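J.: There's a structure below that I have some questions on.
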Amino acid sequence: MSQDSQHGKWTISDSEDEDNIIPPTPQKESNKPSIKPDLERKPDTSTTFFKQEPRLSPKRNEDTHSIKEPSAPSMGSEARKAAHVNQTLPVKYESNPSPSVKRKRETEEAGWNLSSSDDETPPPPPKKEPKKSDVSPKKKKTEDTRPPSPHGTGYYKEEPSDFFETNLLSMNDMYRFYLNKVTGIPKQFNTGALHIKDILSPMFGTLKESVQFNYCFDVPWMVEQYPPEFRDKPVILVHGEKRESKARLIEQAKPYPHIRFCQAKLDIAFGTHHTKMMLLWYEEGFRVIILTSNLIRADWYQKTQGMWMSPLYPRLPEGSPGTAGESPTNFKSDLLEYLEAYRAPELAEWIDRIKQHDLSETRVYLIGSTPGRYQGPAMEKWGHLRLRKLLSEHAMPVQNEERWHVLGQFSSIGSMGLDKTKWLAAEFQRTLTTLGKARKSLASPETQMLLIYPSVENVRTSLEGYPAGGSLPYSIQTAQKQLWLHSYFHGWHADVTGRSNAMPHIKTYMRVSPDYTQLAWFLVTSANLSKAAWGALEKNNTQIMVRSYELGVLYLPSAFNMSTFPVEKNVFPASSSSKGFPVPYDLPPQHYSSKDQPWIWNIPYTKAPDTHGNVWVPS
């Protein structure tokens, strides 16, 4: 089966064996140059190909049985990540570099700073090769090949000084849900949004220490985001790196003696440490921020991201019991339980510190995932069964419930089986359609599930152009096994927040009324649409297996003394008096047209250039 459009053609194989799936490798047109990743390209110049040099055969990671590539300087659990080498370790050479220099440069940048694609289906184990010197090495699977990052240092523009000036009066402190600022959109759409420099600035507190949980780190860039007066305050980086990528992360931090590390345990294959959270300890108290952005510049530049920022939590009086300072949403004990799941001595001091603070003003519920296989009552601690439990206990039924849509929006997609009954329309939809205790035992077939994921045209016309697709890692290998999924897809449109051209890295899920004016609940999280992130039932539904660390917050109207959340029609400029919930994209979503295709990042798009005059040719 093949699909064709103005953006090129891609072939669908009937084979279920991923090793037999080879995405098309286009021929390079002679009149169009290949990109040299070191060059500070001008966005409006000639059409460009993004090419990548071949890399070494993968090695098997003994701890997780996942594939690790020794040639890629990744800062994450997969070889697809690197820490903006072109900014931190600039390499300059003449216009005609030697092939070895060019190859090294392209390999260094080949990793992309991405969130996990969550393709959790393990490939078959490799056959043992006989130990003979004349045996030719196996070719690397095309699935893991990723285009080099075209974001050289010349891509980023310096924001004006007032870009970082946040007016606290313009922020919606009712929901405490904020979008990241985006460079290149009208100023009004950043009024009430936050940059990482704002978050770490003195206006929110006099920082003493912090912890950064994340998936991708660019350490030098991260340090620069702290204001000078806080730049040497102790920081712990919680990560999921091992072996070479761990060594590279530690090497990045060598110039910064105030940085320490905490390695998250990943005992199940193909899991990642995908949680994104900041713990900030001030002289005035303590704050938690749960967000969707990696700690790299590209994630804070021209992408749509979101976060929940807690109130400033004051210190409890001396001698207060350990149960003091709890919120009606049980946020304090849930946060402590999540941190304790790391089994990390580096976090012990922070666990004690949190116990000493009053978190009673919190109005959201914590939903986390931690790797493991859980049975009995523990099944409801993590992943989508945790969401199901909260929706059962604290969500309020609505009239004509089956007509309220379930909406999911994400930036990456995992393998979900040969048809929708394997996971999506079964256990996951049953969770998302739960509203109070009085409900049907199975997912309501009448309830529509709408999935928002950028189309090729969304990416092509975005602020970043095709390179934005590097943070939307849906592969042809996964897509061609689940063509049934694509009928669910709706495009990315966010005129309400001025972010239609800022591709989403945010992940949100909600239950919305038939007329799209009311929400029964809203969730912002790091969890993409995958079983690795949300968990999958096993052993005749007596066990749930979760692969990754994820974290998000759930908004329920009952915690705000409301029956439903009205959808805010005027998100920007933000108003502290608004009662509407600031959904970050347009409702109702627009279903893909007959010409639209979901963005798939490892196939070519050559028929139409992007906003910078480039085409996309992974090889």
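Including glycine, each Cβ sits where the backbone N, Cα and C put it.
All TrEMBL annotations are machine predictions without curation.
What you see is a predicted model, and the numbers here were worked out from it, not measured in a lab.
TrEMBL lists His274 with the feature active site, nucleophile. According to TrEMBL, the active site, proton donor/acceptor annotation covers His505. As annotated by TrEMBL, substrate binding site applies to Lys276, Lys507. Per TrEMBL, the feature compositional bias 'Basic and acidic residues' maps to 29-44, 52-68, 126-146. Taken from TrEMBL, the feature compositional bias 'Polar residues' applies to 85-99. The annotation region 'Disordered' is assigned in TrEMBL to 1-158. Under the heading site 'Interaction with DNA', TrEMBL lists Ser530.
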J.: Around the residue listed as 'active site, nucleophile', how many other C-beta atoms are within 10 angstroms of its C-beta?
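T.: Around the residue listed as 'active site, nucleophile', other Cβ atoms within 10 Å: 31.
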J.: Fewest neighbouring Cβ atoms within 10 Å: which of the binding-site residues Lys276, Lys507?
T.: Lys507
J.: Report, as a single number, how many Cβ atoms besides its own are within 10 Å of the Cβ of Ser530 (site 'Interaction with DNA').
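T.: Result for Ser530 (site 'Interaction with DNA'): 26 neighbouring Cβ atoms inside 10 Å.
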J.: How far is it from Lys507 (substrate binding site) to Ser530 (site 'Interaction with DNA'), counting Cα to Cα, in Å?
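T.: Between the Cα atoms of Lys507 (substrate binding site) and Ser530 (site 'Interaction with DNA'), the distance comes to 12 Å.
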J.: Specify the count of other C-beta atoms within 10 Å of the C-beta of the residue listed as 'active site, proton donor/acceptor'.
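T.: By my count, 25.
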